[in-house]
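Enquirer: The structure is given below, and queries will be raised subsequently.
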């Protein structure tokens with residue numbers, strides 16, 4: 001009996017594959033994805049029943065939508081009221097105590113029990129304030145004036161970026177990057193696609209190599225980035241650009257998975273980009289596609305015919321074989337990902353590449369990702385700006401406007417932007433100039449600030465600031481066995497109890513290269529080398545980007561360094577340490593100051609930052625802080641056993657002669673990994 005694939009049936013009845021897969025599962029027809037097969041009988045069932053079932057779906061959608069609207073109305077009508085005190089950050093411990101009517105020592109004690117050391121004048125962090133709100137029954141409010149803290153340019157940019165979509169969303173073309181090992185045929189495949197499918201074949205003209213090109217297949221456009229390889233891809237991602245929708249991984253059938261193949265896999269996975277495998281050079285006598293598929297399984301790329309979900313296409317760039325199927329799979333993945341854009345919005349997108357042309361000045365190739373870009377528009381492009389004087393597409397044709405996912409060269413910028421910079425249309429050139437100038441000043445300030453790159457030395461501080469508990473690592477070694485041993489040892493450090501996660505995002509054989517540095521920048525990773533040295537370019541790039549790169553000769557030393565850094569990621573524990581005992585021998589009441597206790601240190605010592613317990617008849621009657629510690633008329637930091645001193649407690653005067661002060665502090669215990 002003849003069988004048909006899900007995506008073929010979807011095309012036949014005018015549905016998207018994703019929608020049909022859902023429908024089939026609702027009909028109890030066993031399918032996994034768009035490549036699953038259906039019997040002729042099952043296909044006929046779908047053809048007959050789909051119209052009826054889709055009509056039911058529409059009715060259900062209307063009912064659900066109506067119910068949701070009603071629920072939202074109910075919520076709006078209900079509203080919420082509260083009698084609890086309202087507290088708005090920023091606020092100090094002392095201010096909070098006064099506002100909610102409790103002793104500051106009570107707040108400090110609660111914070112210490114949570115592992116936060118604080119004093120009366122210290123500003124409370126957001127998580128500490130939320131914790132105290134639960135303990136003391138008040139409400140933390142976020143005040144509106146925070147808006148005023150944002151700069152004018154930030155508000156304008158945010159407003160433009162969060163523009164409400166205009167009109168209906170339209171399906172857009174996918175953006176594809178071709179990756180793989182050197183000499184496996186990345187450029188040959190790109191050339192083969194361009195020769196047979198380029199848009200200029202349909203309309204005439206000469207292809208202009210502007211950094212990206214469009215091809216036409218099945219009356220739909222696909223955009224290919226012209227610079228093959230993962231280096232350019234990762235360099236753009238390091239600058240925050242996420243242009244690529246699909247990665248084509250080229251593997252030579254006669255050579256198999258090689259070091260740069262593994263790099264490309266890890267780069268694509270790190271970016272969360274779907275991978276289509278193109279097994280090239282299948283026309284060669286020693287081609288062995290099955291060996292390639294077997295090797296790919298080691299990197300969790302299992303082809304569909306072997307029960308996985310990785311699309312794999314056999315091609316020969318030289319003989320133009322498999323190109324159609326490759327493009328069909330690209331369009332299928334794009335359809336499953338439901339790529340859309342809003343042409344009526346103002347233009348925004350990403351710089352693909354830029355250069356200084358002697359005759360034309362700064363020239364940038366941009367990819368319009370959303371909205372429409374027009375000649376005469378004022379644009380902000382990274383930290384530069386300009387008024388678009390002219391636009392040229394990949395066929396050399398001058399355009400008056402560029403629609404979504406159209407690569408164009410633009411002229412009229414003040415300076416050369418960098419690949420990966422975002423661009424967006426702004427209301428006028430004056431505004432663009434002002435925003436660009438302020439962004440340039442901000443960039444200069446940021447360069448003077450501390451590096452944002454993660455390192456084993458500052459890992460704990462950065463994790464505390466970012467409230468994350470992950471460590472990304474790139475491993476390079478001299479031989480495969482050492483690399484795998486180091487990788488496995490690092491992964492064993494994952495501590496689920498404390499939610500610490502070590503991610504080895506790439507492990508490869510060979511020297512540390514510039515490509516590794518760019519991946520580290522993009523993924524905020526550290527690099528560990530075992531018995532290998534970085535090449536000169538990598539060393540310079542690591543210094544420039546301030547990437548923590550460490551080289552070891554003993555695996556144990558690498559593991560110990562990472563363990564030490566991870567120990568800093570764990571929430572610290574504290575133990576109480578008693579410093580000394582002090583006896584109150586005389587009291588002096590001073591107006592406007594309080595009761596000063598004349599004391600004698602009977603054991604240990606007392607410091608001016610010690611916490612104090614007041615003990616009377618064996619019972620603790622007060623816990624608090626020292627306001628003043630004196631020897632005669634002088635303020636002192638510490639008084640040792642056998643000496644007298646004067647002590648003024650903070651907000652506590654109910655003392656009696658014979659009371660005992662117990663001085664104590666808290667010490668942090670570094671947890672074991």
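Cβ from N, Cα, C; glycine included.
Checked Swiss-Prot, it gives:
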type: BINDING; residues: 180-187, 226-230, 280-283; note: GTP binding site
type: COMPBIAS; residues: 44-78; note: compositional bias 'Basic and acidic residues'
type: DOMAIN; residues: 171-340; note: domain 'tr-type G'
type: REGION; residues: 32-90; note: region 'Disordered'
type: REGION; residues: 180-187; note: region 'G1'
type: REGION; residues: 205-209; note: region 'G2'
type: REGION; residues: 226-229; note: region 'G3'
type: REGION; residues: 280-283; note: region 'G4'
Enquirer: Using a Cβ cut-off under 8 Å, which residues of the same chain at least 6 positions beyond either end of the region 'G4' (280-283) come close to it?
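Expert: Contacts with the region 'G4' (280-283): 184-185, 188-189, 250-255, 289, 314-319, 321-322.
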Enquirer: For residue 180 (GTP binding site), name the DSSP secondary structure in the helix/strand/coil scheme.
Expert: strand
Enquirer: Go through 180, 183, 186, 282, the listed binding-site residues, and name the one with the sparsest Cβ surroundings, counting other Cβ atoms within 10 Å.
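Expert: Across 180, 183, 186, 282, these binding-site residues, the one with fewest Cβ atoms within 10 Å is 183.
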Enquirer: DSSP helix, strand and coil counts for the region 'G4' (280-283)?
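Expert: Residue counts in helix, strand and coil order: 0 helix, 1 strand, 3 coil.
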Enquirer: Which value does the mean pLDDT take for the region 'G4' (280-283) in this predicted structure?
Expert: 92
Enquirer: Any idea what DSSP makes of residue 186 (GTP binding site), helix, strand or coil?
Expert: helix
